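Asks: Relevant sequence annotations retrieved from TrEMBL are reproduced here:
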type	residues	note
TRANSMEM	42-63	transmembrane segment
TRANSMEM	90-114	transmembrane segment
TRANSMEM	126-142	transmembrane segment
TRANSMEM	162-180	transmembrane segment
TRANSMEM	192-209	transmembrane segment
DOMAIN	224-477	domain 'GP-PDE'
TRANSMEM	489-509	transmembrane segment
Amino acid sequence: MVKHQPLQVYERQLCLSCLTGIYGCRWKRYQRSHDDSSKWECSWFFILCCSFLLLLVWSYFWLEAHNDYNEFNWLLYNRSAIWKDGTVPILAATLTGFTYTAFLMILALCHIVLGQQLNLYWIHKIVVLAILLTTITGVVFIDDFWQDEWDIVIISLQFTGPFLHIGALAVVTALGWVIAGQVVRVERSSELKLLGHLLLVLYLVPLFISSPCIMDRSKLGPRPAVIGRRGAPMLAPEHTIMSFSKALQQKVTALEADVTISLDGVPFLMRDRTLRRTTNVDKLFPARQDHDASFFNWTEIRSLSAGLWFLRDDPYWTVQYMSEKDRNRTANQTVCSLAELLRLAARTNRSVIFSLRQPPHQHPHHQLWVSDALKAIQRSSILPEQVMWTPDWYRKKVRAAVPLLQQTSDEKLPVAELKERGISTLTLHYSQARAQDISNVSINVYPVNEPWLYSLMWCSGVQSVSSDAPHILKKVPNPVWIMSADEYGLIWITSDLISVAICVVIFFLRWKMSGMRSYNPEQIMLSAVVHRPSRDVNLMKEKLIFSEINNGVGSTDELSGYTGNGLDTYSRDDIMTPARHATKL
């Protein structure tokens, strides 16, 4: 009786099959390979890395730009004349693309760790290339449309830098396992040098990290005052009495507004050039909805609703949290005049800061706009020293008429010139505020809506901030984080030493494991590109196994192989090795 023995017993490797199947559509065992990846596939891996890193930076940008989402939507409105939240599709596409590329990056790194050949599936290649081109297009668009917002990345790094450094150090240290495996497997030192240089840079990065929050706690200044910018526009329609009342409930120290002059000389509060976005002018005056807001008289302006748009557009996604009483109150809001705002500030003992827009040349009050604003201030019951005057036009005339007004400016000037003009406060965008400016004059920074930015301004010594979200900043009694230079130095050195120790252990383990190689059934591989019949596949597997037997791997027992027609039996003696063939000759 002939004794039969199975040709080979395979272990099920479901995880490896899923790994190679999802990444390269190589679901079958014979499709996998331990050969070095081709230059073509390495190029695609490089493109995948570029897409992932670019999306990482792009995602970080939009994460930190959350402070200015409303500014972005307002710019979109000025270009398209249609209000919509343009950040939603951008964030959805960014999250989808980042998740997709991050998943492929993890699969690719697992291929490298396991010594599997990289072979990205063609559909993945198309999607990765589309993601890369789309992200590049987005970067170019933002650079053209919202160029100033790139400053948020540099500013935010002052706050997140120490933590990003530790995170990057952890990631690169973990990649040491992958690189060590490559060095041991292919016996090349280029990857090792790359890892060494990268780690050296990360070890020294803290030398260049500068943050206002790295300071002695005893030197931390008082908490910056919060000014309600257009009231509390996240809780109620901007520039309405309801919005300013909501801001006062959040304990703001001042109220900020944008002022326009009506056709009959009444100063009223309006940010936009037209009335379309924040009123129902399209319903009451459809033929004039695109006209300049200053070409409406006060009676017409007063007849408009200034709250229905807020319920309809929900610009801050906060309407769902409003009570039924607040919704009814919102629907009944009207456009607010400067005189009403001044009376409210006087009753609550709050200051007022406003910017004044000059009417067009055809406007009857084109030359009287400053006088109209001054008359409103003088006729109100507010104390002059509670009003912060920002417009730079006719400043000498204004100081002569109402000498007790607080003079402010949104333009950075030398200290001597500021004193000459009687300017005591600068109102600057947060990207323009510098430490050297803060030390010389009182600074008010806008817009500050996020706790991290508020903490950064606090540690910088800013005296006040203008915010659309006073209800959020109210919940920040202390900076989010603050540490001394000694504490940060200790964290820096400790993390570097831990990273060095982990890298040494990784390379030691990899070196020890390299001497423990054994027979691996995965050596029996066929090219995924060549599709052969099952009979040829089985015969080729048998030949490869017998070649291993002749090299000393296997037993002296008879081996059997399966063919397409039945069962054929082979013995070791039936196989003629090259040495035996030479002896026979």
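Note: Cβ is positioned from N, Cα and C throughout, glycine not excepted.
Provide an account of the burial state, proximal residues and distances for the features listed.
Replies: Long-range contacts of the transmembrane segment (42-63) within the same chain, counting only residues at least 6 positions beyond its ends with a Cβ under 8 Å from a Cβ of the stretch, are 87, 90-91, 94-95, 97-98, 101-102, 104-105, 108, 118, 120, 125, 128-129, 131-132, 135-136, 138-139, 142, 149-150, 152-153, 156.
Sequence-distant neighbours of the transmembrane segment (126-142) (same chain, 6+ residues past either end, Cβ-Cβ under 8 Å): 44, 47-48, 50-51, 54-55, 58, 61, 90, 93, 97, 100-101, 104, 120, 149-150.
For the transmembrane segment (162-180), same-chain residues at least 6 beyond its ends with a Cβ under 8 Å from one of its own Cβ atoms are 109, 112-113, 191-192, 194-195, 198-199, 202-203, 205-206, 209, 211, 214, 488, 491-492, 495-496, 499, 502-503, 506-507, 510.
Below 8 angstroms of C-beta separation, residues 161-162, 165, 168-169, 172-173, 175-176, 179-180, 183, 488-489, 492, 496, 499, 503 of the same chain, each at least six residues beyond the ends of the transmembrane segment (192-209), sit close to that stretch.
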Asks: With a Cβ cut-off under 8 Å, give me the same-chain residues at least six positions beyond the ends of the transmembrane segment (489-509) that come close to it.
Replies: 162, 165-166, 169-170, 172-173, 176-177, 180, 183, 195, 199, 202-203, 206, 483
